[in-house]
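Notes follow once the structure below has been shown.
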Amino acid sequence: MASVTNLRSNHDAKLAAWLPLFVLPVVAMWSTRNSAAWLCMWALAFSIYAGLKWLSYSKYVENHVCTVRRAIGYLVAWPGMDAKSFLSTSRNVAPPHPREWCAAVAKTVIGCALIGIAVALVDWNIWVAGWMGMVGITLALHFGVFHLLSTAWRQAGIDACPIMHAPLLATSLNNFWGKRWNLAFRDLAHTYVFRMCVGRWGIAAATMAVFVVSGVIHDVVISLPARAGYGLPTLYFVVQGAGVMFERSRLGKHLGLRHGAVGRIYCAALILAPVGLLFHPPFVERVVVPMLTILRWDRS
């Protein structure tokens, strides 16, 4: 009887952990069905983020105890997904150097400046404005604000490493995706996709599964609001996964794709050449540009 109760309890805990990840995006899509496409995009992005955040938190508190204040900080004021590092109270964390604070502020300011320039360029060329706006948003948010949050938490003695780890210094495609770009998603993908697949299908299949899942998530956030371009973001990440597999192959190693100048060029080419699949024209035209237009102070 006790074992049945434990099984039921474990099932309920897993359901409570995973359910928001599937329910929240549906609610977001339904609630913004008659709204602007850019509002739908942000609602979907936040709902998926919230679902993943709750999943990471639920997994940690199954076997650990944390303070209410630390839990609120993790759930509300930190974009990372490494619950173990953030919620643990037994870690000694070095405070960030003042130069790191300055760098985070600079990236935020430059990103906001690019957004402002993009807004001004909308009437001149929507494509230039759209791409500049996306770069500005990424720089201001992911590299700027999120880095500022990281420095603030580490100043308070909490282990919150930046989710972007100098991606321009990537020495290979695998190094870029595995250790430098969006470490928040990397942490969860490694735990819930790679580990679940590697024992059953091997490293290659598990690696591709991570890229496919990432592609599907981007498709939901990018293609659904644009109501076009379905499958293109997923294809982009399939290309990335194939690129990583080739990089690890015997021929890839022989060509030196995992290090040095060749590795850097290969990495940049694979990431940038097909980027139009990820941020496809319908997304730029129907989602990004209208969002930039809303920011214009002189709009009628």
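Using N, Cα and C of the backbone, Cβ positions are placed for all residues, glycine too.
If you look up TrEMBL, you'll see 12-30 (among others) marked as transmembrane segment.
Look at TrEMBL and you will find 36-55 (among others) tagged as transmembrane segment.
Look at TrEMBL and you will find 101-122 (among others) tagged as transmembrane segment. Below 8 angstroms of C-beta separation, residues 128-130, 132-133, 135-141, 143-145, 147-148, 150-151, 289, 292-293, 295-296 of the same chain, each at least six residues beyond the ends of the transmembrane segment (101-122), sit close to that stretch.
Sequence-distant contacts of the transmembrane segment (128-149) (same chain, at least 6 residues past either end, Cβ-Cβ under 8 Å): 77-79, 100-101, 103-105, 107-119, 121-122, 160, 162-164, 182, 279, 284-285, 288-289, 291-292. What TrEMBL lists as transmembrane segment is 128-149 (among others).
Taken from TrEMBL, the feature domain 'Wax synthase' applies to 162-225.
The transmembrane segment annotation in TrEMBL covers 201-222 (among others).
Per TrEMBL, transmembrane segment is recorded for 228-246 (among others).
The annotation transmembrane segment is assigned in TrEMBL to 266-283 (among others). The list of residues near the transmembrane segment (266-283) in space but at least 6 beyond its ends in sequence, with Cβ under 8 angstroms from a Cβ of it, reads 131, 134, 170-173, 175-176, 218, 222-223, 225-229, 232-233, 235-237, 239-240, 243, 247, 257.
Counted with DSSP, the domain 'Wax synthase' (162-225) comes out as 53 helix, 0 strand, 11 coil.
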